[in-house]
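Swiss-Prot lists 3-56 with the feature domain 'ClpX-type ZB', giving sequence analysis as the kind of evidence. The feature Zn(2+) binding site is assigned by Swiss-Prot to Cys15, Cys18, Cys37, Cys40. Here Swiss-Prot flags Pro119, Thr120, Gly121, Ser122, Gly123, Lys124, Thr125, Leu126 as ATP binding site.
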Amino acid sequence: MSKVGTGDSKNTLYCSFCGKSQHEVRKLIAGPTVFICDECVELCMDIIREENKSSLVKSRDGIPTPKEICKVLDDYVIGQGHAKKVLSVAVHNHYKRLNHQTKHNDVELAKSNILLIGPTGSGKTLLAQTLARILDVPFTMADATTLTEAGYVGEDVENIILKLLQSADYNVERAQRGIVYIDEIDKISRKSDNPSITRDVSGEGVQQALLKIMEGTVASVPPQGGRKHPQQEFLQVDTTNILFICGGAFSGLEKIISARGRTTSIGFAAQVLAPEDRRTGEIFRHVEPEDLLKYGLIPEFVGRLPVVATLEDLDEASLKKILTDPKNALVKQYQRLFEMENIELTFADEALGAVARKAIERKTGARGLRSILESILLETMFDLPGLEGVEEVVISREVVEGTARPLYIYADRADRASETSASA
């Protein structure tokens, strides 16, 4: 900071960057031994914005191929090959479309939002989370059951955009290229086929409210969240390029699809859809827009979800793989917990099969695996920190079935294995 002249001028402050005096600029901000004017701050902001834009363009050019996307999904999600293919192609095309828009204006490519239909615990949420991780874009999840129309008690649909903005650290440009996953979308279906005379604020009303942001609109988002009021300043977020993925278990939809199959008089559909012994996931593969309309989704909402990916029930082999194969597999997680006590945790192959069968019986899919393992290992995790000399814990099929206790193998004497026979 320099001071020029004499008299009054010796008390004049100057910008350390451009040299302008405090009288030539609107604001002069003081730092330790330096000053910066508002014009230099604006110039610095412009430079940063340009750098951010150029880095964004680089990421746009590096869109992973559908095969690359599918390969990474395989690391985290077991099975569901058909759903992975549909998602990989849809997401690749979505970001290719954004890249196309920055270079060409002759043909406008429409956005293709995605609907995931599958039984509970089949991997819908995990697929969406993994996609966001692959693409390194802002990602947020919303629960459709908490949403209501604007003005009613509950969460506004625009709060979804606020959450996305928060995950992008309030970088509007990054948020506008993000992914929104709306779970439990089947819970906002219309309560009956006929329009009701009473207001359905958490069903059809929410579908109507979601239409605009899914298609593309400029949403006014209150930065601090909560309800809007006139004195508030809003952030403007364009939702045109945000990819919406909706997921739901759609319990009962298989009956609608099967009923349609039985009414088919000719062709292959009657034989394909009618059998009662077909698994839910297999029946979902034959879903048509008319089935979703009968279920209670309004036509405009179904039209906003042109890509439909169906997930199948997980069989015993798939559930066993989920326990051991992914990078964040449950068995690996518990083994790491036991390693912290310097103890090795071992599961017999038959034990993993028994855990998988329990999950199938409970109809909870992969989501139920953790609770089953927690109940099996509860007593062991309670006792172990107070025991000395335990080197290994072995879980057998009998332990899972509740007819025996885990086998404790001690380091000092192999014959001191604590093996409790089947309880009566």
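For all residues, glycine too, the Cβ spot is worked out from N, Cα and C.
Where Swiss-Prot records a feature, it is marked here on the structure.
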residue : record              : Cβ contacts under 8 Å, 6 or more apart
Cys18   : Zn(2+) binding site : Cys37, Glu39, Cys40
Pro119  : ATP binding site    : Ala249, Thr280, Gly281, Leu311, Glu312, Asp313, Lys363, Gly365
Thr120  : ATP binding site    : Ala249, Lys363, Thr364, Gly365, Arg367
Ser122  : ATP binding site    : Gln80, Gly281, Leu311, Glu312, Asp313, Leu314, Gly365, Ala366
Gly123  : ATP binding site    : Val77, Ile78, Gly79, Gln80, Ala83, Leu311, Leu314, Gly365, Ala366
Lys124  : ATP binding site    : Leu116, Gly118, Asp183, Gly247, Gly248, Leu311
Thr125  : ATP binding site    : Met141, Tyr181, Asp183, Gly247
Leu126  : ATP binding site    : Tyr76, Val77
Original post:
Taking the Cβ of Cys40 (Zn(2+) binding site) as centre, how many other Cβ atoms lie within 10 Å?
Top reply: 18
Original post:
Residues with Cβ closer than 8 Å to the Cβ of Gly121 (ATP binding site), same chain and 6+ apart in sequence?
Top reply: Leu314, Ala359, Thr364, Gly365, Ala366, Arg367, Gly368
Original post:
Setting Pro119, Thr120, Gly121, Ser122, Gly123, Lys124, Thr125, Leu126 aside, what same-chain residues sit with their Cβ within 8 Å of the center of the Cβ atoms that define the ATP site, listed in sequence order?
Top reply: Gly118, Gly247, Ala249, Leu311, Gly365, Ala366, Arg367
Original post:
Looking only at the domain 'ClpX-type ZB' (3-56), what is the mean pLDDT?
Top reply: 76
Subject >> Near-site residues: Zn(2+), ref Cys15, Cys18, Cys37, Cys40, CB cutoff 8 A to centroid >> reply: Ser16, Phe17, Gly19, Lys20, Val25, Leu28, Phe35, Ile36, Asp38, Glu39, Val41
Original post:
Under a three-state reduction of DSSP output, how is Lys124 (ATP binding site) classified: helix, strand, or coil?
Top reply: helix
**OP:** Please state whether DSSP places Cys40 (Zn(2+) binding site) in a helix, a strand or coil.
**Re:** helix
Subject >> Residues that sit under 8 angstroms from Cys15 (Zn(2+) binding site) by C-beta distance, when 6+ apart in the chain >> reply: Ser21, Val25, Leu28, Phe35, Ile36, Cys37, Glu39, Cys40
**OP:** Inside 10 Å of the Cβ of Cys37 (Zn(2+) binding site), count up the other Cβ atoms and send me the figure.
**Re:** 24
